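Notes to accompany the following structure.
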Amino acid sequence: MVKVLAVLYDGGEHAKQVPGLLGTTENELGLRKWLEDQGHTLVTTSDKDREGSTFDRELEDAEIIITTPFHPGYLTAERLARAKKLKLAVTAGIGSDHVDLDAANKTNGGITVAEVTGSNVVSVAEHVVMTILVLVRNFVPAHEQIEAGRWDVAEVAKDEYDLEGKVVGTVGVGRIGERVLRRLKGFDCKELLYYDYQPLSPEKEKEIGCRRVENLEEMLAQCDVVTINCPLHESTRGLFNKDLISKMKRGSWLVNTARGAIVVKEDVAEALRTGHLRGYGGDVWFPQPAPADHVLRTAKNPFGGGNAMVPHMSGTSLDAQKRYAEGVKRILDSYLSGRFDYRPEDLIVHQGKYATRAYGQREDVKIPGQ
């Protein structure tokens, strides 16, 4: 019998109304009956942050843990050291930066860390394009004006622009970044740029109509819109700080659906306040859930707009939840059956080694100036 611990977010009445909210503590990724029919135990909780949390208590004798980027149970080196039986850590979604991967490689002979690669890349890419449009078209202040019973076209049109003719750049052109560029192609942007250590093929660049810029600061200086689509690792943590933001065009927009810790939140808020950034939007925060006084909840530009922040939802649409729930079950089945036939693309660390280059495990994956 195997004990499985799942750290998920609470759905409350919403999970009852919509059973498709699979990523909640109530609906448990649809796993309970399947696991219990095999004689295994499933413990589900959202309690993860306080001292002596259910997460901490139940982790000590769990063999498998399931976490999610949308309500991350941070698997620190200290927590892993107490998890004497842990063999498999599964991310329900994509992005395993909430796990100390170096420590996972050294714990219990090497804990396998896996995620459901590709499960929500379309979902996030769509959210990026939506956020770009929401910011550029100044949608949020306009909608708030209508809700307040007011009507002042000039007030909102003074900070509204077209996406056509703008230069858009992505930091990272992996599965999400590439899909963002493809979706932007139809907006007749002046130019689509990308910064990544790994270039796209010439054929893809021609098909999408994009161009690689090898220096990050050089790309930022050209862009009206910048979207962050790279993983969080030590070279990208705090990357968008006061210094790097100062290299961006004054009045540009920044979108972040990657990870909250890639930006320095106070520096983003100050750039908004001064108008150096016209807008900032996305759905990722650090920590998560975001505290009520998190500066990016209320940061605004000089016109009182420019904020398109939402809870961490871009990758957890109902369609995405179905895909990553199925993926988690597939990974669990590979382990519980003893086949260990994981999809190679799902593996982050395995058998004490890194199985991917996505988390900065290369000498050439270094951000200039870092």
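A Cβ is built for glycine as well, from the same backbone N, Cα and C atoms used for every other residue.
When Swiss-Prot records R175, I176, D196, P231, L232, H233, E234, S235, T257, H312, M313, S314, G315 as binding NAD(+), the matching candidate from D102, D283, D341, D346 it lists for that site is D283. When Cβ atoms from all protein chains are considered, those within 10 Å of H312 (NAD(+) binding site) total 23, not counting its own. Spatially, by CA atoms, the recorded positions I94, N120, R259 include one closest to L232 (NAD(+) binding site), and that is R259. Taking the C-alpha atom of S314 (NAD(+) binding site) as reference, the shortest distance to any of the recorded positions I94, N120, R259 belongs to N120. R175 (NAD(+) binding site) carries a helical DSSP state (H, G or I). Counted over all residue pairs in R175, I176, D196, P231, L232, H233, E234, S235, T257, D283, H312, M313, S314, G315, the record's binders of NAD(+), the longest Cα to Cα distance measures 25 angstrom.
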